[in-house]
Amino acid sequence: MASKSQILFIGGTGYIGKFIVEASAKAGYPTYVLVREASLSDPAKSKVIENFKALGVNFVLGDLYDHESLVKAIKQVDVVISTVGHGQLADQGKIIAAIKEAGNVKRFFPSEFGNDVDRSHAVEPAKSAFETKAKIRRAVEAEGIPYTYVSSNFFAGYFLPTLNQPGASSAPRDKVVILGDGNPKAIFNKEDDIGTYTIRAVDDPRTLNKVLYIRPPANTISFNELVSLWEKKIGKTLERIYVPEEQLLKNIQEAAVPLNVILSISHAVFVKGDHTNFEIEPSFGVEATALYPDVKYTTVDEYLNQFV
C-alpha cells in the first residue's frame with residue numbers, strides 16, 4: 001500500500017470540518033489543520049482544539065486571507081480539504097490561487113457537503129449559495145486542479161433531532177409540519193459517516209474528478225416515511241399538517257435570515273426532490289456505499305432511537 005496522503009484542512013474547526021478532521025486522524029492520515037493564532041486560544045474552540053491535539057492533529061499557523069501563509073501550508077501536503085462555512089464559500093478562490101502557485105496538490109475537496117449544486121432547483125436565498133459553490137467548481141476545473149466534490153445531502157444532526165420543525169428544540173409529539181406532499185425522497189447522513197466516506201475517497205482513483213454522492217439506501221426516505229417511522233417509535237399517531245408549495249414559497253419570501261435559507265433548502269429537497277431526482281451517471285459521479293460496502297453507516301432508524 002502506498003503511503004497515505006498528507007491532508008490539510010481549511011475550516012477544520014467548523015461544524016462539518018471537525019468530523020472530517022477526526023475521521024482523517026483516526027484513519028491514520030497525517031492530518032494538518034490551518035488555524036489562526038487567535039483560534040488556538042479561543043474559548044469557543046477549546047474543546048475541538050483539545051480533541052484534535054489528543055488525536056495527533058498538526059496545527060499549521062496561517063490564514064485564508066494571507067496568501068503566503070496559505071501557499072506555505074499547502075506545500076507541506078498532498079491533499080487540501082476545504083470545509084469553510086457559508087460566509088467564506090466565495091473566498092475559496094484564494095485557496096485555488098494558492099494551490100495553483102504551490103503546484104503540488106494531488107486532490108482538492110472544495111467546501112460542498114450538501115446538495116449537488118449542479119443539479120439544483122433551489123429558490124433564493126439558497127439559490128445564491130449554491131451558485132457560489134458551482135462557481136468554485138468551475139474555477140477548480142478551469143485551473144485543471146484534480147478534485148472530488150462530496151455531495152453528502154443532509155446532516156442528520158441538523159435535521160433529525162426536531163424532524164425539521166423550524167424553531168423546535170425536540171422531535172414532535174403531537175403534530176408535525178410537512179412541506180409539500182411529503183413524498184419526494186431525501187437523504188440524511190450522520191456527520192461521522194460523512195467524515196468516514198470523505199476520507200476513504202482521498203486516495204481512491206475512482207473518486208478523482210468526480211462527485212462522491214453519499215446515498216445510503218437505508219437513509220433515503222420520504223418525509224411521510226420519516227414521520228411514520230417516528231410514530232412507530234413513540235407509539236403515537238401525529239397530526240400531519242401539510243404546507244402546499246405555494247404557501248411555502250410565500251413563507252420563504254417573508255422569513256428573515258437564517259429561516260429563509262433553511263426553508264429554501266428544505267423546499268429544494270422535500271418539495272423538488274433535489275437529493276434523489278436524478279440518476280448518478282458514471283461520467284460525473286460515484287456513490288459512497290457502493291464504493292465502500294464495508295463501512296457500517298448509521299441508519300435513520302437507528303439515529304432516531306436516541307430521541308424517543
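Cβ from N, Cα, C; glycine included.
TYR15 (NADP(+) binding site) carries neither a helix nor a strand DSSP state and counts as coil. If you look up Swiss-Prot, you'll see GLY11, GLY12, THR13, GLY14, TYR15, ILE16, GLY17, ARG36, LYS45, ARG137 marked as NADP(+) binding site.
Under the heading active site, proton acceptor, Swiss-Prot lists LYS133. Spatially close to LYS133 (active site, proton acceptor) yet at least six residues away along the chain are LEU89, PRO110, SER111, GLU112, VAL117, judged by Cβ distances under 8 angstroms.
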Chain-internal residues near TYR15 (NADP(+) binding site), provided their CB is under 8 angstroms and they sit 6+ positions away:
GLY85, PHE155
